[in-house]
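Structure first, commentary second.
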Amino acid sequence: MNMHSPNEPDAPEVMTTPQPGTAAVTPMMEQFIEIKAANPDSLLFYRMGDFYELFFDDAEKASRALGIVLTKRGKHQGHDIPMCGVPVHAADDYLQKLIGQGFRVAVCEQIEDPAEAKKRGSKSVVRRDVVRLVTPGTITEDKLLAPSESSFLMALGRVKGGSDHSFAIAWIDISTGAFRVAETTADRLLADIFRVDPRELIVAEPVFHDPELRPVFDVLGRVANPQPPSLFDSASATGRIARFFDVATPDSFGTFSRAELSAISGAIAYVEKTQKAERPPLSRPEREEQGSTLFIDPATRGNLELLRTLSGSREGSLFKAIDRTVTGGGARLLADRLMAPLTDPAAIGARLDSVSFFRTETRLCQAVRASLKSVADMPRALSRLALNRGGPRDLGALRAGFEAAGAIVEIFAATALPQELAEAMAAIRALPQALAQHLIQALGEELPLLKRDGGFLRGGYHPELDEMRALRDESRKVIAGLERSLIEETGIRSLKIRHNNVLGYYIEVTANHHAIMTGSDGAKARFIHRQTMANAMRFTTTELAELETKIANAADRALGIELAAFEALTAQAVGEAEKIRAGADALAAIDVSAALALLSESEAWCRPVVDSSLAFEISGGRHPVVEQALRRSGEGPFVANDCDLSPEGNAKNGAIWLLTGPNMGGKSTFLRQNALIAILAQTGSFVPATSAHIGVVDRLFSRVGASDDLARGRSTFMVEMVETAAILNQAGERALVILDEIGRGTATFDGLSIAWAAVEYLHEKNRCRAIFATHFHEMTSLAGKLARLHNVTMRVKEWEGDVVFLHEVGKGAADRSYGVQVARLAGLPEAVVDRAKQVLHQLEEGEVSGKTNRLVDDLPLFSVAMKREAPKPVKSDALGAALGDINPDEMTPREALEALYRLKGLAGK
């Protein structure tokens with residue numbers, strides 16, 4: 001979800017598009033102005049021949065955004081009219097750039113040809129109209145879509161109920177037909193939006209300008225798109241839904257609240273507004289119950305890097321680490337599941353059963369994945385066909401999907417399947433076999449991109465088409481065959497069939513054979529005289545005239561037959577949209593289960609126990625992303641750790657672990673890995689551990705890492721406090737909370753006080769399962785006061801004044817953070833490190849406040865800065881060379897530690 005505004009550099013004042021009737025311009029430009037006035041918020045792609053042209057301020061904006069030449073066409077009020085253009089055949093590439101920068105584009109096509117325009121008058125302008133609005137949430141073109149990412153359009157509905165408001169969201173992926181709706185609340189709204197991760201959010205203008213919701217839309221930036229409130233009218237929603245889905249009443253769709261109807265109405269109305277006359281094959285809106293998915297707030301999603309890292313890249317994310325799917329639909333389903341883990345243990349168990357099946361049946365898993373690799377993106381192909389943007393390859397995608405589905409049916413023919421896989425196979429068996437056979441029979445092997453190119457129907461499928469192709473491609477052979485036939489019929493060995501631009505095709509015989517051609521009434525009827533020459537006579541026949549017409553029209557007729565067949569196949573496919581979509585969803589579910597099974601086997605993951613208890617017991621847990629990164633870099637194995645937050649004895653609530661330990665010891669990794677294990681388990685995946693027992697988590701909160709929010713005037717500490725406040729105000733006993741270094745962004749005693757109070761509140765009020773990492777070692781005394789609080793620490797070893805990080809979690813509390821040692825590893829000057837040791841020693845001897853003055857007097861800062869360090873003796877040339885090779889600015893903590901060991905070894909020689 002790109003939340004930034006279009007980055008338009010400062011530019012000189014532009015020539016804005018005038019209002020209709022206010023400018024003395026050409027008829028063509030007047031037409032542009034009128035159409036632009038109806039689409040003021042979009043760049044207007046105005047079709048002129050083989051180009052889409054843009055004028056006035058649209059041209060200046062597009063020129064900067066696309067990096068194309070700005071030129072001019074005509075004048076307005078004495079000034080040149082700016083113009084730029086893009087070729088029609090490359091329009092998708094330019095649309096991708098514009099949409100990516102936050103623009104919306106109105107595509108204006110010619111809706112009549114020039115000949116028709118001339119019939120209306122010599123000066124008539126060809127009729128044009130907008131056929132489509134291209135927006136971030138309504139893209140269907142393959143070039144503009146990432147195969148593994150959904151492209152959701154979301155609509156926000158709000159209705160008033162007394163003094164309160166109720167909210168709902170509806171989200172559609174036009175490219176696949178997916179359509180869901182759910183109620184939400186004002187405090188959950190932003191979290192639900194981030195869960196769906198829409199490309200575009202439409203909202204009624206009064207709601208968009210509501211001061212109470214302003215913070216939400218400020219966060220979303222250009223993703224939010226205000227629309228007229230009439231689109232969201234819940235009173236007329238029922239009729240709009242019925243018309244769109246062509247049903248008498250939508251009662252069979254289920255019962256929806258007024259807010260849900262408002263959101264559904266807004267989504268459908270916007271689809272109609274942007275797609276004009278075309279209608280995408282949307283599924284019926286599926287209602288999602290509140291609480292059916294794990295609540296994860298936006299900050300936690302960002303901290304855990306589920307789909308993307310904090311820098312916006314998929315590399316390094318959890319999704320990238322676990323994705324082993326082989327289909328676009330499977331990858332999208334896996335991403336959707338990661339963003340919305342389940343809270344129903346039975347539903348989670350059904351998913352895990354499917355993964356377990358493939359984990360056990362490895363040969364079946366391999367065979368199924370081999371078949372799935374040939375599955376193209378059926379839902380997206382179907383959507384393009386329905387919107388009249390498809391081509392032969394989209395029909396080919398459906399054919400490939402049907403063929404793979406048939407192979408998978410054969411693979412599972414005599415196999416008992418778990419519930420989820422059995423339901424998936426039922427949907428696959430229900431795929432329309434008549435359409436499948438029709439596509440297999442009709443389509444050739446090599447398919448063109450565009451239907452207008454022809455050549456996509458298989459030979460033998462349509463007899464007339466075969467004849468037309470023969471005439472088109474083998475006209476000489478056909479003429480030669482007719483010539484031989486006429487020679488045999490007349491006995492004139494010198495008879496020839498020739499062609500010129502005046503007569504077309506004709507039969508030519510020498511003059512002395514004219515009697516054969518004209519000597520009888522039958523011959524006269526058969527051979528029609530066309531021309532007499534000095535030594536020859538020319539004739540035609542009805543057969544030759546028909547053949548000539550056929551040859552002349554063969555190419556057009558061949559293409560016409562193929563286009564008609566394309567439309568018929570498309571109509572048949574769109575008519576089966578519901579079954580095709582269900583079958584494609586089933587193939588995606590099978591892909592996800594098989595992929596997770598492969599992942600669990602290759603990574604040695606275990607099946608978690610997920611139930612309704614409050615358990616949280618992980619043995620040998622690992623961080624899935626970090627573990628793979630260590631393996632790739634060859635830095636050694638990941639150190640697994642246990643975590644047990646389960647209620648103890650007669651306790652009704654889960655435990656809190658107070659985690660202390662040094663910087664670089666692995667605290668943040670440990671925190672994140674347990675949150676990720678919970679997410680993976682409730683997604684229905686095996687988890688990176690030797691065993692795991694997790695009582696369903698209903699809310700997950702993570703406050704790990706922070707950054708400034710300068711745009712809203714919030715410091716790092718303020719951001720930290722806002723996020724911590726949200727956790728303390730919302731977490732219940734089923735929540736899992738991971739907190740890292742609360743209170744570090746302010747004065748020591750202030751920070752300690754806040755962290756101390758937060759732990760007490762989590763224990764006494766929230767009563768949730770939690771891991772709280774801190775450098776405030778004074779807090780470890782809370783373990784004697786709070787019954788469910790336990791001290792754990794990241795273990796280290798000290799050796800000859802240096803520290804070795806073991807990355808192991810054990811019982812107990814740390815009394816030091818080893819910050820000075822880490823500073824040395826980072827390459828701080830030796831004088832700074834030595835002075836830090838002195839300051840630390842004196843601070844640790846007594847109260848800080850009683851020592852600071854003496855510290856300043858003992859060794860002023862400038863004394864350290866000006867002191868020249870005596871060079872230290874180097875024990876060997878090897879040690880000096882090794883030191884010279886080290887660049888501490890480019891080393892990871894682990895690399896620094898390994899370098900330290902090497903230097904120690906050299907120093908001892």
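Residue 1 is the first one shown; counting continues down the chain.
Cβ coordinates come from backbone N, Cα and C, glycine included.
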(request) Kindly point out the range from 2-22, 275-295 that Swiss-Prot annotates with region 'Disordered'. (result) 275-295
(message) Among GLY661, PRO662, GLY665, GLY666, the binding-site residues in question, whose Cβ has the most other Cβ atoms within 10 Å in this structure?
(response) GLY661
(message) When secondary structure is assigned with DSSP, how many helix, strand and coil residues does the region 'Disordered' (275-295) contain?
(response) 1 helix, 5 strand, 15 coil
(request) Could you tally the C-beta atoms, other than its own, that fall within 10 angstroms of the C-beta of SER668 (ATP binding site)? (result) 19
(message) What is the set of residues, excluding GLY661, PRO662, ASN663, MET664, GLY665, GLY666, LYS667, SER668, whose C-beta falls within 8 angstroms of the centroid of the C-beta atoms at the ATP site?
(response) MET794, PHE805
(request) List the same-chain residues at least 6 positions away in sequence whose Cβ sits under 8 Å from the Cβ of LYS667 (ATP binding site), in sequence order, or say none. (result) LEU659, GLY661, ASP740, ALA773, MET794
